[in-house]
Amino acid sequence: MNKEKNVKKSFKNWFNSKFVPALTKVGNERHISALKDTFGTMLAIIIAGSIGLLIQAIIFGGAGSGRVSLLGVICKFATNESWDFVHKVITTNVSGYTSWYKIQQIAGQAFGVLNTATIGSMSLYFAFIYGFFIAKSRNFKSPLLAATMSVALFIVCIMGQVSYFMGATGLIIAIFSSIVGVEIFIKLSNVKKFEIKLPAGVPPNVGKSFAILIPAILTFGVFVLINLCFLTPALLTNMSVGKGDYSTLTEEKIQEILNTYKDMSAEDIVAKIMNNQNFIDHSEVVNKVADILKNSKNSKEFFENIKSFYELSNESDKSVIANAIAYLNNIENELYSITSGGKISFVETDGVLLMNVKYQIVSIGSEFFGVGAGIYKFFGSWFEGFAKGNGGLALAIVYVFFVSFFWFFGIHGSNLLAGIFEPIWYMIAGINVTLISKLGYDLAAQTGDLGIFTYSFVQSYYMIGGSGCTLGLIIGTLMFSRRRELREIAKYAAPSGIFQINEPVVFGFPIVLNPVYAAPWFLVPILSIVTGYLFTTLGWVKYSYITVPWTTPWMLGAIITSTDWKQIIPTTITLGLSFGIYLPFVFLDNILYMKKLKKDDIDKYNEVKKYWSNPEYKFITNKNEKLYHLEDYIYDTKSKIDELKSKEFKKASKKEKSISKLKEFLNKLIIKKAKYEIYANKIIESKKDKWNKINLKKQQKENKKISKNV
């Protein structure tokens, strides 16, 4: 026994003196801390941009929302057409109804620019703000200059290809350029020999700029050398970065392509495609595409024929078909890969035929292949695909597990891991927003390039009442707990729990180091995340793409972030999971609590047992407690009045007014107490017979038990 106690004591000492300080040190590491501060600062801008997208979708039918938008409802009543036709009118240019489509297009441009200016430019903002916070953590004398250098170095890293890397694509590069660049710049700026001192009459801002001139030049020089390490082999081997691009072919566009090639023979069409050397090894597929193009009489026939051929082909040939059609559509960019990355989504909805063709283009050529392109090609693009695919589920499970783990030991897990995981969630949100803004939701979802685990998705499914999904625990405690102190905590924790804040539960129950609630605390968040994942990946609810504050109630947050009311179903299921899994442990806590009372304090045990088994005793106890609290409140109010009477005021009228208000409040309390006492006594009288019958039945049962034992 002593040995076991010593082991526990030594573990506790190690945990408190070594483990907790080590984790705290990691969480407070300057670059991780700066990451958290950066995303915290950017959150308002990202949410503002998301609101613009939300207005575009909900009011004006943008992002493919069509019939479910306010514009769709107005169009329905104005035209008296079917809902399917309304959707077609808003999302496509139907003759005779062009004004509805134009309104949607104008609103899309007006509000869509908010996305470009916020989420679509997040890497630029990130580079500036992250550089600022790193410099501030180093107590650098000019953090704004360091932040400006951070943006400049980011642009150097991407070789000036701002339009490609300014959004979520450039986040990893911005992290690299900010950490490496700002740290080098600060170190060089602290070298006195590099400081240029100007005469005293020079304005301070000019003096500061010249003081860091040499460090700035040297830092740029370092990054130019780093770029050369990537640029030289890229130019020698013609290395480039590919990017998925899309063409949406309507019936009109398909007919336009047919008309373009109607006077050419199948052989001439093949020859045109073969002008691109990448197609030479795929002549069989190219010939079939040319035959279908030549022999299709109209866009519908071409749609059906190419769809049949595509569905019977293997993955490599499917990509070749997609790239061949894109090439025939005269895309401006050079094709990056013929046998991978190509895909066609065939859409038949509301009588409209659409082909969404995905293909790989060269987005960054060898002449611009610097360190930024290298980071993206060799790591960023792979990680992006991993986070958007099934790897995203693994990342999310790891995240929620370790957040729960750290909270269980009293460490703020969300804050500790925010700097590591939030860049991933925001990157996926940025990718989703860009794709949906470009293609509309339906086509974007069919590309397979949307990611599930955005910042708001994780918050909506992991934070059902806060970390650990404790809203179900609060409900279970209020309904079934026999511990009155926990019921009081749950009562006060419920309002904050609705808004995803659960420190009252974590430290009040407590959850911290409480083995009773350990299992559901770890299990429920993982099951909740998996539920949201399954509903989204199976297409039962829409993907998340709009960012909402983390304090948004979980169900409302899930609906807004995806603009899909069907999110009510999985979020209700997750609340049910939270309640159902926590509930047995509420009962277990009751059992352990009563056992402990019976062992330690038999009088208290009997009192608690009587409270929960005798309804009359329970009501009278509650009545007396409420009257006691009211009496206490009355006493405090009287004390405040006496205190005010003894105080001196500059204006006597102010003193009289304050005393008058308190007296008025005191009278209300006295009346409230009297009314409650009368009400409670009436309840006691009305239920006396019922309670007596209940007590008599219980007494008879007890007597039977005693007689059996005898």
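Using the three backbone atoms N, Cα and C, a Cβ is placed for every residue, glycine included.
According to TrEMBL, the domain 'PTS EIIC type-3' annotation covers 15-585. Averaged over the domain 'PTS EIIC type-3' (15-585), the predicted model reaches a pLDDT of 84.
The transmembrane segment feature in TrEMBL is assigned to 39-63 (among others).
TrEMBL lists 110-132 (among others) with the feature transmembrane segment.
According to TrEMBL, the transmembrane segment annotation covers 144-164 (among others).
Among the features that TrEMBL reports, transmembrane segment is placed at 210-236 (among others).
If you look up TrEMBL, you'll see 391-411 (among others) marked as transmembrane segment. Sequence-distant contacts of the transmembrane segment (391-411), counting only residues of its own chain at least 6 positions beyond either end whose CB sits under 8 Å from a CB of the stretch, comprise 15, 19-20, 23-24, 27, 385, 417, 421, 424, 428, 451-453, 458, 462, 467-468, 506-507, 511-513, 518, 521-522, 525-526, 529-530, 533.
The transmembrane segment annotation in TrEMBL covers 423-441 (among others).
Annotated transmembrane segment per TrEMBL: 461-480 (among others), in sequence order.
Tertiary neighbourhood of the transmembrane segment (518-536): same-chain residues 393, 396-397, 400-401, 403-405, 407-408, 452-453, 457-458, 460-462, 464, 467-469, 472-473, 511, 542-544, 558, 569-570, 573-574, 577-578, 581-582, 585, selected by CB-CB distance under 8 Å and a gap of 6+ residues from either end. What TrEMBL records for 518-536 (among others) is transmembrane segment.
Per TrEMBL, the feature transmembrane segment maps to 568-588 (among others).
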Return yes if the transmembrane segment (210-236) and the transmembrane segment (144-164) have at least 3 CB pairs under 8 Å (sequence gap of 6 or more), otherwise no.
yes
